[in-house]
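Working notes, beginning with the structure itself.
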Amino acid sequence: MSELKYLSGFGNEFSSEDPRCPGSLPEGQNNPQVCPYGLYAEQLSGSAFTCPRPTNKRSWLYRILPSVRHKPYTAMHCGNLTENWDEVEPDPNQLRWMPFTIPKSSEKKVDFVTGLHTLCGAGDTKSRNGIGIHMFTCNTSMVDRCVVLPPFSLSVPQQGEILITTEFGKMMVEPNEICVIQQGMRFSVNVFGETRGYVLEVYGAHFELPDLGPIGANGLANPRDFLTPVAWYEDREVATGYTVINKYQGKLFSSQQVFSPFNVVAWHGNYTPYKYNLDNFMVINCVAFDHADPSIFTVLTAKSSRPGVAMADFVIFPPRWGVADHTFRPPYYHRNCMSEFMGLIKGHYEAKEEGFQPGGGTLHSTMTPHGPDRDCFEKSSTALLKPERVADGTMAFMFESSFSMAVTKWGLETCQRLDKSYYQCWEPLRKHFDPNWRPSKQ
Ligand SMILES: O=C(O)Cc1cc(O)ccc1O
Ligand SMILES: [Fe+2]
């Protein structure tokens, strides 16, 4: 496959034409009486028409046939995808999952949609307030089918690259990259072997770059490093039927059409899919003493209506220097009013060298205590505090959410990956309290 091209920037007003059709973007207006090349104009609105300019998102697609040319939707089997948060009793325990099992293609062919499994979440898509966290484990490309999700979804491939064909063009997303497919965008996923990753769905808010405050104009995830695909179309008739899968109010529906939906010859607008390579994150961290909160590592945030409170933040723990003086450097022990789901793309996580593996996960729910295991505590309390590389060759991440999430039956039982011994990593923590301790005289 030849190198794919991308447009750089975050939330820009982009425009793109498939080079096979020069002049396919109408000039000076969105709705000419007749579009160039006999295309149909279609608007994709990602925000209410009336949103203030900074949050108004829409794109115009110029396509061979409009999306509306399809047979009625019919309900389809949802597999392990759910939005039912009452399947099992609430569980406030610290939860850890071993790497989620990827089906062997010799045994069962599973594509991206069939391979989506809901792990935890909260809220509902009807009121557009909530989130869902899913794992995808698959081994086969989607053939003549695509999917459209109502929420905004952020995908984190962990094993195997994924080629995502969208109405805006194609994106190759490798482990250590993430991609965002926005509400209502149709996409199809090609894989090249056994593939696994994480998906965060946010029901009602766009992902934004966090404000930088006193950091200044640059840093963290820089806008220019976000990449949007360029227009690519196929004029392909599919006599046997092309299936468009629509996730609607938490359930899957399918509809048939006789042509590929990737028939957009040109488009313009500020509502697009995009990808981002986590190596481009400009890390800010403590250079004197104490442990800064992980919000300094926020790549993207989906804000709630409460100032400073996210429906979900996407936070990473990238390779960096640890230099803090007279400080316990690893994550502190804590209880958080936010929920913390963590995944691991590669390597290991500093607070737990063992047990938390790439392709697995942890959930520390609202106010559930957690922190370093015994080994980490003992080592870091006595370590010589010289400048040290932290997390080299690793990439852990966190979906941090203000929702108190429910875990699904699949997550607690069916997947059979729950590590029942997780709590034991804190059992060996012992007392160091010494009532006779006195400050040493300088
Ligand atoms: O729980 C965790 O491991 C994530 C985390 C990391 C950190 O550096 C500080 C707080 C925090 O929740
Ligand atoms: Fe935490």
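Note that Cβ sites are derived from N, Cα and C of the backbone, with glycine treated the same way.
Automated prediction, rather than curation, is the source of TrEMBL annotations.
TrEMBL lists 5-278 with the feature domain 'Homogentisate 1,2-dioxygenase N-terminal'.
The domain 'Homogentisate 1,2-dioxygenase C-terminal' annotation in TrEMBL covers 280-433.
The active site, proton acceptor annotation in TrEMBL covers HIS291. Within the same chain, residues at least 6 positions away in sequence whose Cβ sits under 8 Å from that of HIS291 (active site, proton acceptor) are ALA324, THR327, PHE328, ARG329, PRO330, PRO331, TYR332.
Residues or ranges marked as Fe cation binding site by TrEMBL: HIS334, GLU340, HIS370. GLU340 (Fe cation binding site) falls within a strand when secondary structure is assigned with DSSP.
The secondary structure of TYR349 (homogentisate binding site), as reduced to three states from DSSP, is extended strand. The Cβ of TYR349 (homogentisate binding site) has 24 neighbouring Cβ atoms from other residues within 10 Å, across all protein chains displayed. According to TrEMBL, the feature homogentisate binding site maps to TYR349, HIS370.
With respect to their backbone Cα atoms, HIS370 (Fe cation binding site) and TYR349 (homogentisate binding site) stand 14 Å from each other. Among the recorded positions listed (HIS291, GLU340, TYR349), GLU340 have a CB atom closer than 6 Å to some atom of ligand 2, in sequence order.
All protein chains considered, the CB of HIS370 (Fe cation binding site) has 22 other CB atoms within 10 Å. Distance between Cα atoms for TYR349 (homogentisate binding site) and GLU340 (Fe cation binding site): 14 Å, as a whole number.
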